[in-house]
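> Dropping the structure in here first, questions after.
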């Protein structure tokens with residue numbers, strides 16, 4: 001008895017959404033009904049996920065959680081300023097992986113009207129033991145999947161190209177988790193620790209604070225392929241950057257704001273070698289100074305600050321550097337290169353308060369990408385492995 005449809009679609013980009021909609025019947029009325037169904041279920045699901053996050057989620061179950069995390073982050077960043085950028089990047093690389101829609105249409109247990117509708121829609125014949133029309137699920141996102149080590153059943157995200165050799169701070173997260181487990185065993189998720197640690201890292205380096213919504217749960221799997229495909233690349237042009245962030249629901253303005261995280265942290269030579277030796281839109285003296293640390297061959301892992309002006313202070317100097325063609329990464333300089341985002345870069349370069357406000361708002365939005373809530377996922381005891 002065939003009671004599962006053979007077609008389901010993972011929607012990650014607008015083109016794939018159109019593929020699903022175009023797969024519907026030629027009957028325009030039914031197509032409109034199904035389209036409305038998708039949108040209604042998506043909005044309901046998104047609202048339910050967001051509603052289950054709360055800034056006071058641990059006020060009763062673990063009132064010392066936030067202060068414990070802050071204390072550990074402050075200590076780690078004071079010992080190594082770069083760690084602030086590393087923890088912020090971990091949260092970003094966690095949230096951006098698979099933060100999309102998994103749309104599944106299926107029916108169980110027998111209603112002939114629904115059966116005929118579904119059969120027509122999918123272009124296949126299914127058993128009459130069909131009746132329940134199901135659902136849209138939010139898949140991965142801010143779920144601490146980046147923290148999982150490889151297992152026999154999946155290869156994790158740590159060795160994905162954007163993370164391999166550059167994602168760091170896992171030991172700090174381990175320390176924070178251990179401290180939190182001591183005061184509140186089995187209560188605070190690794191995903192929430194990442195979200196709070198990112199905020200506290202920015203504050204530790206001079207940036208503004210923001211309210212972190214809490215209540216995320218941890219995933220029980222990770223995806224190497226999704227990490228390789230979902231994270232924006234330092235070689236992207238402006239159009240690709242806008243598209244990459246748009247896929248996750250961010251505007252070009254929010255993309256520019258989030259890129260301001262590059263006011264702290266460092267990058268490896270192999271990520272910017274082509275820019276400093278071959279690109280024209282770069283300040284020549286800046287390129288020469290960086291070439292001394294990044295030879296034309298070899299030294300792939302040599303580090304240079306993303307913001308050479310104030311590399312350990314969270315400020316708006318990153319944008320000021322772009323106006324002078326001193327962006328270290330190709331993707332960074334694309335934000336100010338005669339394109340549609342030039343004016344936003346200029347605004348942030350002259351108004352740090354506006355940047356801070358927009359960055360905080362974009363971080364809140366990013367932290368709410370597809371969280372696991374309620375009974376989904378688990379609260380890991382060890383952030384590196386599932387329970």
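For all residues, glycine too, the Cβ spot is worked out from N, Cα and C.
Remember, predicted model here, so these are calculated numbers, not experimental data.
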> Of the ranges 15-36, 37-58, which one does TrEMBL flag as transmembrane segment?
37-58
> Tell me the Cα distance separating residue 262 (heme b binding site) from residue 93 (active site, proton acceptor), rounded to the nearest angstrom.
14
> Which one is it: of the recorded positions 89, 94, 141, whose Cα lies the shortest distance from the Cα of residue 263 (Ca(2+) 2 binding site)?
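Of the recorded positions 89, 94, 141, 89 has its Cα closest to that of residue 263 (Ca(2+) 2 binding site).
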> Using C-alpha atoms, which one of the binding-site residues 141, 145, 262, 315 comes nearest to residue 89 (site 'Transition state stabilizer')?
262
> Counting distance between Cα atoms, which of the binding-site residues 94, 97, 145, 157, 262 is nearest residue 307 (Ca(2+) 2 binding site)?
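That would be 262, nearest by Cα distance.
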> Going by a 10 angstroms cut-off between Cβ atoms, which of the binding-site residues 141, 232 has the sparsest surroundings?
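Result for the binding-site residues 141, 232: minimum number of other Cβ atoms within 10 Å at 232.
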> Can you give me the residues near the recorded Ca(2+) 2 site, meaning same chain, not 263, 307, 315 themselves, Cβ no more than 8 Å from the center of the site's Cβ atoms?
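For the Ca(2+) 2 site, the extra neighbours are 260, 262, 264, 309, 310, 311, 313, 314, 316, 317, 318.
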